[in-house]
């Protein structure tokens, strides 16, 4: 390897790749992958840079997936050092993307370099799926690559996404799935009138309140071995004209389900509508299914990750499905086994985002050890 994981991470962190820009990150990575025999394919869409790089043509196919884009920096004067000028202070590397998730991308590349050097004739194939559209709308990123791979009948046997999954120390948590996300905009209709004469109208906020209370108190399911119970939360309520003397004619309530495999989107929609009907509301709902839940149970990939973390970090990892959605929701459609394994998440998206320097070689070693268990004869 010409660079350590730290040096490669610093090079791509220095690229100001605010979503949906790649800002040269993938060019740096391609420089490292081509000498290893990776074929390079861009599956770009609507200005988004998407890379599919593959070494080998046979099964099993092991993929490292991730993103090179980062969230905006926020106020530059709040940063202790410039966000795109990576700096080490007291054993910690600072810069936008250090945790989410350029360090993981660098670690996956150096892990593959080391693995291929030691196992040049390894069975199966290795690949990288990288996008510059994960932190934004994600309409033209990983999903575009998945659609292209699906169209030509490709299936991923194993996939690791380098999202920052650890909580307190590297390796203490691995995501083996994610909950689904189902959002809705509920419009409850009333009759606008002068607030001094409420009998001449119908206040939709008052009418909706009992139903909302019941929805908030409903147990949607009890979860299961891998998932916490489904939750329902209101995110926004808007009603009225802004005047203090007008009963509003309607109220809009935005809400979200984070749901487990113990429920289905269709079942949740039906149950919610039944509660609204019980309260005799005049309403409309617009639904958006953001993601279905996905899960990798115990098996070769989870066992390999558990072993690797035990050997490298000296701890037992926890398999978890908590947290928000990720690009795994797209990859799951064509992947048999998938995990998210990455650094501590505490500073992701924050001012002075950072990662412990000693976590970088360890993360690379974890990735390499997983490859050694699954991709050697």
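Note: Cβ is positioned from N, Cα and C throughout, glycine not excepted.
Annotated Zn(2+) 1 binding site per Swiss-Prot: 67, 100, 163, in sequence order, evidence recorded as sequence analysis. The active site annotation in Swiss-Prot covers 69. As annotated by Swiss-Prot, Zn(2+) 2 binding site applies to 100, 135, 349. Feature annotation from Swiss-Prot assigns active site, proton acceptor to 134.
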Residue 134 (active site, proton acceptor) CB neighbourhood, other CB atoms within 10 A: 26
From 100, 134, 135, 163, 349: recorded positions whose CA lies within 10 A of the residue listed as 'active site': 100, 134, 135
Lowest local Cβ density among 67, 349, which the record lists as binding-site residues, within 10 Å: 349
Alpha-carbon distance [residue 100 (Zn(2+) 1 binding site); residue 349 (Zn(2+) 2 binding site)] in Å: 7
Length of the line joining the Cα atoms of residue 163 (Zn(2+) 1 binding site) and the residue listed as 'active site, proton acceptor', in Å: 11
Other CB atoms within 10 A, centred on residue 163 (Zn(2+) 1 binding site): 27
Secondary structure of residue 163 (Zn(2+) 1 binding site) (DSSP, helix/strand/coil): coil
